[in-house]
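Please read the structure below before turning to the comments.
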Amino acid sequence: MSEGKVCMCEKKNDCEEKQSVADPDTRYPDGTVKLRNPHIELMDQDILYHIALGSESHDLVEMFGDVKFVCMGGTPNRMKNFAHFIMEEIGYKLPTGTDLMDISQYSYRYSMYKVGPVIAVSHGMGVPSIGILLHEMIKLMYHAKAQDPVFIRIGTCGGLGLEPGTVVISDQAVDGLGNYSYSVPILGEVVKRPAKLDKKIVRELKALSSVDDPYETVVGTTMCAEDFYEGQGRIDGAFCDYTEVDKQNYLEKLVKQGVKNIEMEATPFAALTHHAGIKAAIVCVTLLNRLKGDQVAAPKEVINEYQERPQKLVARYIKKYLQTKGRLCSLDGHGSMAVKSPRRFKLVQQESQTFE
Ligand SMILES: O=P(O)(O)O[C@H]1O[C@H](CO)[C@@H](O)[C@H]1O
Ligand SMILES: O=c1cc[nH]c(=O)[nH]1
């Protein structure tokens, strides 16, 4: 197995057999990301406009070359919290007197934090917003020469027949018309890309849920809606031209098809990462049981605690990966990491401060 590949095999030599062969269209032999776009390498510079970075204005290899995990979720606040949480979890130490900074703050669009090999970035709401971010994050990984990065969405959703607060690991994504793909009009024609997630990561994440967790963690199909209200069959939007019975019939039909939860980014997330040859997973927490209602009525503190649940699972996954590899950071003997390259972190801070 080449350096940097995600593997959690108990026996190291098992890896060769278990890893699928990388697609030469999306990977260089050393595991760095290859773009399916011949134009990019011919450009003098590539401005990643919505994340306030650029291939000429920033040393992207120095800043992001060590990235292994790109974690994304809807809100800047959640991703900032996740950055602090993962810093604690992996024992990452910031240089004295510094704090985590929003690398993309001057884009005024998305917020991005970096903690050693982990990026935490917000993607906003809905398909177009996450689509734009995915294009730029995939290009960022390419420019940075990051090796085999894994993308993980940490989200919230409505559950179908699940207790509120249940964690759902998506094994596939389906759109509101029943397509297991992401459809996007390109040059006047609809292009469909399969919305596939990495099955092995699904199993590994599920294995990391614990019987001691005071909530359930399940695996299932995630429906990606184009809208929060009518697009998810709610009757509490500004408009509604169907009955409560129509709605219940629709949701029951989804349940029969194996849909466990509904959110708004799964198909582009699964499809664009798959098209880029990037392994990806989606872990969401249900805020309500849609079979019982539409309004998100849980108190803020309860919702905040729910939102921590996918973060905990993903943190276990990242920690297990880092412990298995023991390569990016050196273990200090207590399961936590000593920072190998604070300089790289400092650079990220300085560059983001000077970009406007
Ligand atoms: O909690 P996040 O990850 O933002 O995702 C979910 O919440 C938003 C709707 O409230 C949608 O973007 C949906 O996908
Ligand atoms: O019901 C819900 C809850 C969160 N996010 C959604 O998209 N739907």
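Glycine is no exception: its Cβ is also placed from the backbone N, Cα and C atoms.
As given in TrEMBL:
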- R109, R153, I154, G155, T156: phosphate binding site (BINDING)
- Q232, R234: substrate binding site (BINDING)
- 68-319: domain 'Nucleoside phosphorylase' (DOMAIN)
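A map of TrEMBL features onto the structure.
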residue	record	DSSP class
R109	phosphate binding site	coil
R153	phosphate binding site	strand
Q232	substrate binding site	helix
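Residue environment of R109 (phosphate binding site) contains 19 other Cβ atoms, counted within 10 Å of its Cβ in all protein chains.
Same-chain residues at least 6 positions away in sequence with a Cβ under 8 Å from that of G155 (phosphate binding site) are, in sequence order, G73, G74, E263, E265, I282, V283, C284, V285, P310. Looking only at the domain 'Nucleoside phosphorylase' (68-319), the predicted model's pLDDT averages out at 98.
Sorted by the number of other CB atoms within 10 A, the binding-site residues R153, R234 start with R234, the lowest. Checking the binding-site residues R109, G155, T156, R234 against ligand 1, the ones with a C-beta less than 6 Å from an atom of that molecule are G155, T156. Residues T156, taken from the binding-site residues R109, G155, T156, R234, are distinguished by a CB atom under 6 angstroms from ligand 2.
Within the set R109, R153, I154, G155, T156 that the record links to phosphate, no two Cα atoms are more than 20 Å apart, and one pair reaches that distance. Listed in sequence order, the residues of the same chain lying 6 or more apart from I154 (phosphate binding site) and placing their CB within less than 8 Å of its CB are C71, M72, G73, R78, F82, V283, C284, P310, Q311, V314. R234 (substrate binding site) and R109 (phosphate binding site) are 28 Å apart (CA-CA, integer value). Here Q232 (substrate binding site) is positioned 20 angstrom away from R153 (phosphate binding site), judged by their C-alpha atoms. Around the Cβ of T156 (phosphate binding site), the same chain contributes G74, E263, C284, V285, T286, L287, I303, Y306, Q307, each under 8 angstroms and 6 or more positions distant in sequence. Counting Cβ atoms from all protein chains shown, Q232 (substrate binding site) has 22 others lying within 10 Å of its own Cβ.
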